[in-house]
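Undergrad: Once you've had a glance at the structure underneath, I'll fire off some questions.
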Amino acid sequence: MSIAQQLMDMGFPADKAEAAAGNNRNLDQALDWIEKDGAGVPMETDAPAQAAPGAADSGAPPVAASFKCDDCGKLLANDDAIMFHASKTKHENFSESSEAIKPLTAEEKAAKVLEIREKIKVHQAKKAKLEAEENREKEKKRREDGKAMISHKEAARDREIREAAQDRRREKNEDEIARKRVLEQIRLDKEARKAKASGQPVPEAKPAPSAAPVAPPKDYSTTTLQFRLLDGQTVRQQFEANEPLAMVRAWVETNHANGVPFTLMTPFPRKVFTEDDMGTPLKVLNLVPSANVILNRAA
């Protein structure tokens, strides 16, 4: 935020705030300029220009010495003071007044500057507190996303271990079937040799029935999602079918979003996912055993 904007936030008129912030002054320098020059202070009690002596006797119409707020009775020096007073109090009724405003003394002006400095300190303290709260929220979200990614990696590792165990069991079963087939063939060969040696007819060798291929069960414990990213590229990633959509979003946000806000949707059937869907498992959202997911920039 610029120095001039900070001064305007504290109640200075725009033109005077710009003047105080000129020459690349920082906030303290601008306040020093205000304190010495006085032109930038949004005082409602600045003294108006005094009419020349005898002006009332010249026959000219009287010149207003000040302006008065008809809502509260406060005397105001000029248009800037009227606008400043109206913005603070929401008062709307003003009129000219012949009553002159007593000029501020040097001590009163210095006290006014100190008062404004104190207001600026309060404003800066509030701003610093707000920034600290925002930083805490960002850090909290970063940690939550990190925990979600760790949980996802652990789930992926467990899934790989289960799949490896399934592969080992399948290989063991296949080896056992092959071993039984070899033993059966050896038995048949022995019987054939015995029959031939005894002059008996050799029994017709019947091929051992091959094990019927067993169709692998449909395992929908996992799903493969293909993402079309914001830059048009596509990537694939596997997730647990019972994982919530929030895990998918966390993975995309960490690896491919590059800090750009986004939404998730499926093209067929078309569905745009909202915050209400983040806790729903992928299986319930019909994203199993595979699905296409498109990233769109958030509005």
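Placement of Cβ uses the backbone N, Cα and C atoms for every residue, glycine included.
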Undergrad: Ranges 39-61, 62-84, 246-268: which does Swiss-Prot label region 'Disordered'?
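TA: That would be 39-61, per the region 'Disordered' entry in Swiss-Prot.
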Undergrad: Can you tell me the mean pLDDT for the domain 'UBX' (218-295)?
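TA: Reported value for the domain 'UBX' (218-295) is a mean pLDDT of 92.
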Undergrad: Quick one: DSSP breakdown of the compositional bias 'Basic and acidic residues' (128-176) into helix, strand and coil?
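TA: Computed counts for the compositional bias 'Basic and acidic residues' (128-176) are 49 helix, 0 strand, 0 coil.
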Undergrad: Over the span of the domain 'UBX' (218-295), count residues by DSSP class, listing helix, strand and coil in order.
TA: 14 helix, 29 strand, 35 coil
